[in-house]
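Enquirer: Features from TrEMBL:
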BINDING   His43, His69  heme binding site
BINDING   His234, His239, His257, His260, His261, His315, His319, His336, His339, His340  Zn(2+) binding site
DOMAIN    8-86  domain 'Cytochrome b5 heme-binding'
TRANSMEM  168-188  transmembrane segment
TRANSMEM  214-233  transmembrane segment
TRANSMEM  270-288  transmembrane segment
TRANSMEM  294-311  transmembrane segment
Amino acid sequence: MAPAPPPAASFSPAEVQRRLAAGACWVRRGASLYDLTDFVRHHPGGEQLLRARAGQDISADLDGPPHRHSDNARRWLEQYYVGELRGDPQDPVENGAVASAETQKIDPATEPQFKVVDWDKDLVDWQKPLLWQVGHLGEKYDEWVHQPVARPIRLFHSDLIEAFSKTVWYSVPIIWVPLVLYLSWSYYRTLSQDNTRLFASFTTDYSVAVPKSMFPGLFVLGMLFWTLMEYVIHRFLFHMKPPSDSHYLIMLHFVMHGQHHKAPFDGSRLVFPPVPASLVIAFFYVFLRLILPEAVAGIIFAGGLLGYVLYDMTHYYLHFGSPHKGSYLYNMKAHHVKHHFEYQKSGFGISTKLWDYFFHTLIPEESHPKMQ
């Protein structure tokens, strides 16, 4: 027979209150206690929303309003489980922050979903690099990869290759902003010579002169072009569904984007590492140079490169920032977290929803009956 699982830790209301007073953010669901201290800044509703519920039962909050939390969000909560609340009527807590565990019953129909996470029973061995394991998941891969976890990922056995697969967020502006500035200045000077013409390679009779006053428009066009590329790459490449019988395509999907959906708050894997980013950036530069005059291509490319930098910085902030409620970034954070936890087949825009509007892939607004 398998050994019985160890008993869950238990905490009195006074013990919970001491942790709250020390700055921890513990909440409960029924009698189950969860330490969300490390998650508060990630929550799409904002840090203050969770802080305001510290010590309270969040069972009703999970069902809404303002929205019903997804099954993935509920699984995510279980990763922060710390133990059970021990009722102690002789030790009341100030303001009733931690009341008796009997005050809120849990729906028995949904109770089986909320079990403590057992990493040893997952489909992969988390003590080993994951890349070579996920290819064997087959038909189970798509469901598994879209059940996010609150832990970092290791992809490769080699420490050197593993290091190249990660990067810190500030490497993006450090590496690419100087290139944006150099290209912008260099191609502006070329444009100032007044000898750049569109369509000159096809016809001299109908070629169009490009004056230097066009520089801002071309630069902004490049930034807009990037937002479209951001959408197309995210939707059609990153969210392709690899064939279940293709070991290598599953591995390719996981290394490109699946790893990010599996561990959305792994800070070392939120922005593109410089080496693979360089290959993609070089491809777009060569493509633009082949179809456009040098100065025009260079300016559009510089604008697109700045768009990429802003995209990566926005993406990082949407995961780790705590934007002001009601702001543009607050709404984008909620939009992006919903993409991760529930709507993986919509909401592909990161820096803007423009193309989600255009291609009808917006995340649907959830209607919820008002509370009386």
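Numbers here mean position along the shown chain, with the first residue as 1.
The backbone N, Cα and C atoms fix where each Cβ goes, and this holds for glycine too.
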Enquirer: May I have the DSSP-based helix, strand and coil counts for the residues of the domain 'Cytochrome b5 heme-binding' (8-86)?
Expert: 27 helix, 16 strand, 36 coil
Enquirer: Among 214-233, 270-288, 294-311, which stretch has the most Cβ pairs under 8 Å to the transmembrane segment (168-188)?
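Expert: It is 294-311, which has the most Cβ pairs under 8 Å.
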Enquirer: Determine the Cβ neighbour count for His69 (heme binding site): the number of other Cβ atoms within 10 Å of its Cβ.
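Expert: Excluding its own Cβ, His69 (heme binding site) sees 16 Cβ atoms within 10 Å.
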Enquirer: In whole Å, how far is His69 (heme binding site) from His261 (Zn(2+) binding site) when you measure between their Cα atoms?
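Expert: With the alpha carbons as reference points, the distance is 17 Å.
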Enquirer: Inside 10 Å of the Cβ of His319 (Zn(2+) binding site), count up the other Cβ atoms and send me the figure.
Expert: 20
Enquirer: Please list residues from the chain of His234 (Zn(2+) binding site) whose Cβ is under 8 angstroms from its Cβ, counting only those at least six apart in sequence.
Expert: His257, Phe348, Gly349, Ile350
Enquirer: Note the mean pLDDT of the domain 'Cytochrome b5 heme-binding' (8-86), expressed as a whole number.
Expert: 87
Enquirer: What are the non-local neighbours of His43 (heme binding site), defined as same-chain residues 6+ apart in sequence with CB under 8 A from its CB?
Expert: Leu36, Leu49, Leu50
Enquirer: So if I draw a 10 Å sphere around the Cβ of His339 (Zn(2+) binding site), how many other Cβ atoms end up inside it?
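Expert: For His339 (Zn(2+) binding site), the count of other Cβ atoms within 10 Å is 23.
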